Amino acid sequence: MAFFTVALSLYYLLSRVSTQAPVVQNHSCNTADGGYQCFPNVSHVWGQYSPYFSIEQESAISEDVPHGCEVTFVQVLSRHGARYPTESKSKAYSGLIEAIQKNATSFWGQYAFLESYNYTLGADDLTIFGENQMVDSGAKFYRRYKNLARKNTPFIRASGSDRVVASAEKFINGFRKAQLHDHGSKRATPVVNVIIPEIDGFNNTLDHSTCVSFENDERADEIEANFTAIMGPPIRKRLENDLPGIKLTNENVIYLMDMCSFDTMARTAHGTELSPFCAIFTEKEWLQYDYLQSLSKYYGYGAGSPLGPAQGIGFTNELIARLTQSPVQDNTSTNHTLDSNPATFPLDRKLYADFSHDNSMISIFFAMGLYNGTQPLSMDSVESIQEMDGYAASWTVPFGARAYFELMQCEKKEPLVRVLVNDRVVPLHGCAVDKFGRCTLDDWVEGLNFARSGGNWKTCFTL
């Protein structure tokens, strides 16, 4: 942490001396295996707007397959790649920048770029950077599980959003590219086998929408607004002093911080140029921002929401079905028509890949109890990732996030389950976990009582 503090402080000192956006000369800091390691002192604290970066080094347990074991099954659950802002946010960002340009009477130092900044970001779709992320993800998946991928074609599903489907397709491109370089592979090119519509009334385990009480709950919005009201005023005052003539809200402050990530991800195909928006803010402010995003996800979709984990029950029960090769037992968000048909939900595959959104993935992780060690997050002060027991939006659901659910066969007869989130081994809960973070399959499934019992899903439809 001391190195982080010194490095980040140095970065901000230098960024305030120069008005030029930092640039790396090549994209060796952005690789398929390590993810986005460019400008890590800032890019790794953007919450869910961080691009995927491997956190293998943060794991107390090696991600390598233990000696004497082999992986016999893998399910990857992935978020889509980096995207442009949503349509509503894109309009808000553009309007804010126009207002600053209209009202500010001077632009100096790190703010000079704002005077002539032209907002050209699109809305909702993947950026080229995001497309490349998913190509890298597919290639990494093939190489990591080559022994299985050589002989098995993954069964692939995607939630129906354009950016999610496009992410699945780019993942396939990367998988196929690695496959073609492996002369030992004889399998056909994968395809997106199932696209689950994101429409009202259509059950979809990869996108929440059907739990009425959950969708109408505004508690997380209130918690986010309260924390923004704590961190926002000092930043707002400083920006208003530095840019005379402007008036900002606390929400405006967060929007300007959002632009750091979105502008960076849109500038180049590999993220080699850091947006000048980033240098407007300090180390402390970025840590507050990162925590704000984690807070929002925890109380919006995780254990901090009464019905957050319930949104992940359906997928959890689908994973149980795949691991045990038995019919899906679920009465929550699963689509019975799809899940009862071997053509749309086979149970005999060795490789599965599903593509989703950050919010749904948070719910799934908490439905599985992966972060049961995380205590309720403070609503008024920043906690470290260590204090949150490894939970953070940037560590769990960055753009291009991926969780690997592995089944291993070792010397003993009974298979073992292991879970990695962005390359970090997450020790399992609710079962007898070994030194490698694993539990036997039967023990882990038995420990998933919340999901197997349907949790509190029935309260979704109570007034």
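From the backbone N, Cα and C atoms, a Cβ is placed for every residue, glycine too.
Given the structure is predicted, the values throughout are model-derived calculations rather than measurements.
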Inset, instruction - Have a look through Arg143, Arg157, Arg163, Arg176 and flag the one Swiss-Prot assigns to the 1D-myo-inositol hexakisphosphate site that Gln48, Tyr49, Arg79, His80, Arg83, Thr86, Asp207, Lys297, His357, Asp358 belong to. - result: Arg163
Inset, instruction - Consult Swiss-Prot and report which candidate among Cys211, Cys260, Cys278 shares a disulfide bond with Cys460. - result: Cys211
Inset, instruction - Tell me, from Cys29, Cys69, which cysteine Swiss-Prot puts in a disulphide with Cys38. - result: Cys29
Inset, instruction - Pick out which of Cys260, Cys278, Cys410 Swiss-Prot lists as the disulfide partner of Cys69. - result: Cys410
Inset, instruction - Name the cysteine that pairs with Cys260 in a disulphide bond per Swiss-Prot, restricting the answer to Cys278, Cys431. - result: Cys278
Inset, instruction - Determine, using Cα-Cα distances only, which of these binding-site residues is closest to Cys410 (disulfide bond): Gln48, Arg79, Arg83, Arg163, Lys297. - result: Arg79
Legend entry - Distance, Asn41 (N-linked glycosylation site) to Cys29 (disulfide bond) (CA atoms, angstrom): 13
Inset, instruction - Write down the Cα-Cα distance for Lys297 (1D-myo-inositol hexakisphosphate binding site) and Asn335 (N-linked glycosylation site), rounded and given in Å. - result: 25
Inset, instruction - List, in sequence order, those recorded positions among Asn103, Asn118, Cys278, Lys297, Asp358, Asn372 whose Cα sits within 10 Å of the Cα of His80 (active site, nucleophile). - result: Asp358
Inset, instruction - For Asp358 (1D-myo-inositol hexakisphosphate binding site), list the number of other Cβ atoms lying within 10 Å of its Cβ atom. - result: 21
